[in-house]
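Per TrEMBL, the features are:
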COMPBIAS  212-228  compositional bias 'Basic and acidic residues'
COMPBIAS  251-263  compositional bias 'Basic and acidic residues'
DOMAIN    1-132  domain 'Tail specific protease'
REGION    212-263  region 'Disordered'
């Protein structure tokens, strides 16, 4: 999602001493630099920012600022790519005629730019360490809109560079690849992403009850199998799994359900 621009600036300020966070160019061409003026830092240690295709607007400003300052690594998927500012105009504020309503119109009045001068519009924020995309970028994101404004850039805003991860990225990528090769949860996530994309690519949905029941049973069994493997490996159990161990016997669980229904 997006969020508040002010919150994005304040959040960035927790990890940098002070400096610009975002540049805003109005439709007339004037550029305003908004930044953090508080020299206090809440955390100066290692930092990672996790984003996905749904990270948009203010979320992208924060991730982009952390990346531009070299303050931390951005991890995940390429973000949504929304780098514009809108204003809503109420057309019924001064009604021209009684009984007629015209609604509202949303106008794009400005554009966001990162500290580096690059826009988040259309391209989004590209992660330093990429995860497999759970959503096809050609189907979701600002770039999928017919009339989306194109990417552009302006001059960079002067800022302090805290670090440069570029020389380290090949080694970090190698370590990441080696780590996920033995990470059961990550492997399951990759399987789920592939399964989701395969299901989405299908052009049909079965209406056969027996087939649907079999699919559901297969999914339930998969969750049970994964929970069992988690127990064997000493991994945290998935709280969303239907059959995670809650410490109750079957009879006790029924009593709990009965009590809940009576309340």
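Cβ from N, Cα, C; glycine included.
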Three-state composition of the domain 'Tail specific protease' (1-132), taking helix and strand from DSSP: 20 helix, 43 strand, 69 coil
For the compositional bias 'Basic and acidic residues' (212-228), the number of residues DSSP places in helix, strand and coil: 17 helix, 0 strand, 0 coil
Grab the pLDDT values for the domain 'Tail specific protease' (1-132) and give me their mean, rounded. 94
